[in-house]
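Please read the structure below before turning to the comments.
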Amino acid sequence: MSQPHRYPIPASLAERTLVSAEQYRKLYEQSINDPDSFWREYAQIVEWITPFQTVKNTTFDPGHVNIRWFEDGTLNVAANCLDRHLQERGDQTAIIWEGDDASQSKTLTYRQLHQAVCRFANVLKAQGIGKGDVVALYMPMVPEAAVAMLACARIGAVHSVIFAGFSPEAIAGRIIDSSAKLVVTADEGLRAGRKIPLKKNIDDALNHPEVKSVNRVIVFRRTGNAIDWQPERDVWWHDAIDGADDTCPPEAMGAEDPLFILYTSGSTGTPKGVLHTTGGYLVYAATTFKYVFDYHPGDVYWCTADVGWVTGHSYLLYGPLACCAITLMFEGVPNWPAASRMAQVVDKHQVNILYTAPTAIRALMAEGDKAITGTHRSSLRIMGSVGEPINPEAWEWYYHKIGNGRCPIVDTWWQTETGGFMITPLPGAMALKPGSAALPFFGVQPALVDNVGTPVDGAGEGNLVITDSWPGQARTLYGDHDRFKQTYFYTFKGMYFSGDGARRDEDGYYWITGRVDDVLNVSGHRLGTSEIESALVAHPKIAEAAVVGMPHNIKGQAIYAYITLNAGETPTPELYNEVRAWMRKEIGAIATPDVLHWTDSLPKTRSGKIMRRILRKIAAGDTGNLGDTSTLADPGVVEKLLEEKHTLTLPS
């Protein structure tokens with residue numbers, strides 16, 4: 001495959017960076033060789049009510065997995081995100097809110113956000129919510145979502161944010177599993193001009209016969225449209241906060257007290273309630289935010305993620321606010337009502353740091369220069385990518401078009417379970433290789449092992465594991481510690497197994513190759529789907545590609561590629577041959593797709609991730625049970641793909 005360019009550290013950035021290349025090497029060595037002294041110092045990024053004495057008490061031994069950090073210290077997350085900033089920077093902007101409708105935007109200062117959080121914290125207390133109680137949040141991307149999360153943290157309640165695109169069935173499952181006592185929602189949400197019936201979805205979820213724990217629903221008025229109302233259960237947000245006291249002392253929380261539960265998909269189809277605790281999580285979210293984004297006071301930072309995902313928790317809310325950052329919250333989507341919306345928002349709010357997902361980048365890339373028409377984006381200094389490996393072609397487009405060829409890209413690898421960045425460039429400390437997540441963050445010890453757990457030394461490829469704990473690590477799966485141990489620590493004894501594969505090059509840089517179950521075995525050759533997809537989308541006419549394996553009588557697996565073309569391109573027999581020839585040139589004959597399935601839509605979750613499980617089943621003809629499709633943004637895509645497949649000639 002053609003080698004990507006290598007981009008050196010820009011001199012302008014090196015002059016004022018928080019961490020230089022030499023400092024990174026020294027600090028990383030200290031963080032690995034003496035984690036106690038390193039994290040004792042760096043944990044001071046937050047304020048402690050009771051200072052901790054013990055830094056690290058962890059073991060990955062399969063018999064008794066135990067993860068505890070700063071365990072004898074106490075603190076409060078909301079106080080760290082708000083109260084401690086008030087004296088010197090209370091009138092600084094905390095949140096810039098940009099509505100789905102570009103004419104709607106507003107700002108909240110740290111003082112205003114603090115008052116709103118205290119009021120809502122008192123509302124929760126008046127409803128009987130206290131330390132350890134679970135509150136489910138099903139909210140649109142409005143500042144009140146952040147207020148509700150911080151209010152829970154202030155009084156010691158555990159929030160469980162449910163992404164505002166999930167179905168009633170998915171909501172019910174999460175409420176049942178967490179035994180949430182109260183739900184916070186809105187009448188409706190807005191996204192790309194469409195109304196999302198949030199309150200109706202909650203009503204339907206609460207009608208589930210096994211949902212018995214919820215006795216109150218607080219409803220924020222977003223659109224003002226008519227909704228069903230149950231007077232004995234439902235309360236308007238504005239009525240509840242009317243007259244509520246705007247002072248609420250923060251609860252002193254143990255470092256290992258739960259902060260939030262966030263549900264993520266499990267391989268069995270049953271969602272996993274990932275549990276993060278207070279001290280280690282906040283230390284890690286704040287530290288990674290500060291150094292990976294090279295954040296300087298006054299920078300305007302925009303993470304495009306929804307609060308319903310871990311990226312929204314760690315890098316829209318908690319990490320930035322703990323560092324007294326200016327964080328932009330966006331209700332809309334990057335390419336509506338025009339392809340240039342994301343670039344317009346950057347210019348409108350003079351965004352300095354932009355953090356978005358490859359799926360958004362590829363969608364804009366397919367629009368060509370329409371994505372930047374009429375904008376200059378000169379305020380940008382650093383950009384980031386999150387959610388999945390970014391293919392070099394999309395990286396280059398993002399770098400040259402959105403970033404004007406001068407903004408380092410931090411391609412971050414991490415997971416819901418890790419709490420924060422694990423492998424990522426530091427923009428002032430590392431040269432960049434498009435498509436590579438670069439090197440581990442402080443305290444993170446990655447390794448590659450083969451399928452029996454034997455270490456792969458030097459340059460090579462294998463299963464990506466982490467050999468020791470880090471502060472942001474999830475502590476358990478809510479109510480199911482056995483599943484936690486089995487999922488992450490039993491495959492390779494004494495190591496955390498990420499479920500991802502990776503390649504390490506001769507410089508020690510890591511290249512994430514995708515989920516291990518996304519590795520194809522074609523005639524005995526192991527091929528990562530990520531590598532094949534990257535080569536496909538490097539073709540000038542291809543916007544997006546998803547590659548899966550399908551059974552083959554001779555090869556074992558054949559390569560089945562779902563391909564979306566750029567706007568204005570149409571599939572032809574000539575293009576079919578052209579793409580296959582391109583793949584032979586880029587990777588080799590072994591990586592030539594056996595099937596090219598042209599389609600204008602792929603099955604994606606509402607967070608933009610491609611649901612490969614469904615693509616695998618369609619390719620294999622195993623469509624009798626596609627499993628849970630409730631998280632799909634457009635369930636109709638599945639039927640369309642099945643119809644398209646009937647027109648294809650398939651290999652035997």
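Heads up, the Cβ atoms here are built off N, Cα and C, so glycines get one too.
Here is what Swiss-Prot says about this protein:
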type	residues	note
BINDING	Arg191, Ala192, Gly193, Arg194, Thr311, Asn335, Ser523, Arg584	CoA binding site
BINDING	Gly387, Glu388, Pro389, Asp411, Thr412, Trp413, Trp414, Gln415, Thr416, Asp500, Arg515, Arg526	ATP binding site
BINDING	Val537, His539, Ile542	Mg(2+) binding site
MOD_RES	Lys609	N6-acetyllysine
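The structure, with features from Swiss-Prot marked on it.
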| residue | record | DSSP class |
| --- | --- | --- |
| Ala192 | CoA binding site | coil |
| Thr311 | CoA binding site | helix |
| Asn335 | CoA binding site | coil |
| Gly387 | ATP binding site | coil |
| Trp414 | ATP binding site | coil |
| Val537 | Mg(2+) binding site | helix |
| Arg584 | CoA binding site | helix |
| Lys609 | N6-acetyllysine | coil |
Alpha-carbon spacing, Ile542 (Mg(2+) binding site) to Gly193 (CoA binding site), which is rounded to whole Å: 28
Close in space, distant in sequence - Trp414 (ATP binding site), Cβ under 8 Å, 6 or more apart: Val386, Gly420, Phe421, Met422, Ile423, Thr424
CB-centroid shell, 8 A cutoff, Mg(2+) site Val537, His539, Ile542, site residues removed: Glu393, Ala535, Leu536, Ala538, Pro540, Lys541, Ala543, Glu544, Ala545, Ile563, Val579
Listed in sequence order, residues with CB under 8 A of Thr416 (ATP binding site) and six or more positions away: Leu262, Thr264, Val274, Trp309, Val310, Ala474
Largest tally of Cβ atoms lying within 10 Å of a Cβ, found at which of the binding-site residues Ala192, Ile542: Ile542
Spatial separation of the residue listed as 'N6-acetyllysine' from Pro389 (ATP binding site) - C-alpha basis, Å: 11
Other C-beta atoms that fall within 10 angstroms of the C-beta of Val537 (Mg(2+) binding site): 24
Other CB atoms within 10 A, centred on Gly387 (ATP binding site): 18
Integer Å distance between the CA atoms belonging to Ala192 (CoA binding site) and Lys609 (N6-acetyllysine): 18
Rounded distance in angstrom between the Cα atoms of Arg194 (CoA binding site) and Val537 (Mg(2+) binding site): 30
Neighbour tally for Lys609 (N6-acetyllysine), based on other Cβ positions within 10 Å of its Cβ: 18
Cβ-based isolation winner (fewest other Cβ atoms within 10 Å) among the binding-site residues Thr311, Asn335, Thr412, Ser523: Ser523
Reduced DSSP assignment, Ser523 (CoA binding site): coil
Lowest local Cβ density among Arg191, Arg194, His539, Arg584, which the record lists as binding-site residues, within 10 Å: Arg194
Inter-residue Cα distance where the pair is Arg515 (ATP binding site) and Asn335 (CoA binding site), in Å: 28
